[in-house]
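Under the heading domain 'EF-hand', TrEMBL lists 39-74. According to TrEMBL, the Ca(2+) 1 binding site annotation covers ASP52, ASP54, SER56, PHE58, GLU63. Residues or ranges marked as Ca(2+) 2 binding site in TrEMBL: ASP91, ASP93, ASP95, LYS97.
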Amino acid sequence: MSMTDLLNAEDIKKAVGAFSATDSFDHKKFFQMVGLKKKSADDVKKVFHMLDKDKSGFIEEDELGFILKGFSPDARDLSAKETKMLMAAGDKDGDGKIGVD
């Protein structure tokens, strides 16, 4: 399964392009732009598992920096600042990783 099986390819392209500048990433806007906000919980979990590159059941900080590449292979990496901000937003229990829930 690929990301475009769940999300519109044009939406992904627009969202990745909108945050192409370093330190411009806004996870809430990005996820809205790619259409995740309109997806079922089951589809969101499928996307999560595609982004979980090591298949650990969690997205750790080292994986998080490459999250845009999970949507589009030619996308940029997140900066250290963006990665930390995204981790802080998603790591609800402070264990240094983001779970599917």
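The backbone N, Cα and C atoms fix where each Cβ goes, glycine too.
Locations of recorded TrEMBL features on the structure.
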residue: ASP52; record: Ca(2+) 1 binding site; Cβ within 10 Å: 19
residue: ASP54; record: Ca(2+) 1 binding site; Cβ within 10 Å: 10
residue: SER56; record: Ca(2+) 1 binding site; Cβ within 10 Å: 11
residue: PHE58; record: Ca(2+) 1 binding site; Cβ within 10 Å: 16
residue: GLU63; record: Ca(2+) 1 binding site; Cβ within 10 Å: 18
residue: ASP91; record: Ca(2+) 2 binding site; Cβ within 10 Å: 18
residue: ASP93; record: Ca(2+) 2 binding site; Cβ within 10 Å: 8
residue: ASP95; record: Ca(2+) 2 binding site; Cβ within 10 Å: 10
residue: LYS97; record: Ca(2+) 2 binding site; Cβ within 10 Å: 18
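Nearest in space to ASP91 (Ca(2+) 2 binding site), taking C-alpha to C-alpha distance over the binding-site residues ASP52, ASP54, SER56, PHE58, is PHE58. Within 10 Å of LYS97 (Ca(2+) 2 binding site), judged by CA to CA distance, lie the following binding-site residues from the set ASP52, ASP54, PHE58: PHE58. Checking each of the binding-site residues ASP52, ASP54, SER56, PHE58, GLU63 against ASP95 (Ca(2+) 2 binding site) by C-alpha distance, the shortest gap belongs to PHE58. Separating the Cα atoms of SER56 (Ca(2+) 1 binding site) and ASP93 (Ca(2+) 2 binding site) is a whole-number distance of 17 Å. Residues ASP52, ASP54, SER56, PHE58, GLU63 make up the record's Ca(2+) 1 site, and a Cβ search at 8 Å around their centroid adds LYS53, LYS55, GLY57, ILE59, GLU60, LYS97 from the same chain. Taking CA atoms as the reference points, ASP93 (Ca(2+) 2 binding site) and GLU63 (Ca(2+) 1 binding site) are 18 Å apart.
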